[in-house]
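Shown next, in structure tokens, is the structure this report addresses.
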Amino acid sequence: MNNEKIFKLNKNNWREIVGSGVVVVDFYADWCPPCFKIEPILEELAEAFKNKVKVCKFNVEEDDEIPTKYGIQVLPTIYVFKNGDTYSGVEGLAKKESIFKLVESALYAE
């Protein structure tokens, strides 16, 4: 993850980053091959929605409190948050179109 457009989340900055606007969170682990396959999609998402959406990654090995709170059992899992609330999500290696639709739905929902 060498992309300055993708934020690294942890329990210390979770509320500050996830608390406002539309935020995409990729729950991943370093040992998870599908998690690496989704990286280019996240980078494209960050570029396509820059200044509208925050794209973030949360390493489940570094802290289990937040993944447990959201019931994360499959990696990767991508959740879309809107103003701090869970809006939608997808488990496993999702297609680019599916992830983009989740984000667009959150952006344009009332």
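Note: Cβ is positioned from N, Cα and C throughout, glycine not excepted.
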| query | Of Cys35, Cys56, which cysteine does TrEMBL list as the disulfide partner of Cys32? | reply | Cys35
| query | Ranking the recorded sites Pro33, Pro34 by other Cβ atoms within 10 Å, which is at the bottom? | reply | Pro33
| request: Just name the winner among Cys32, Cys35 (the active-site residues) by count of other CB atoms within 10 A of its CB. | output: Cys35
| Those recorded positions of Cys32, Pro33, Pro34, Cys35 having Cα within 10 angstroms of Asp26 (site 'Deprotonates C-terminal active site Cys') | Cys35
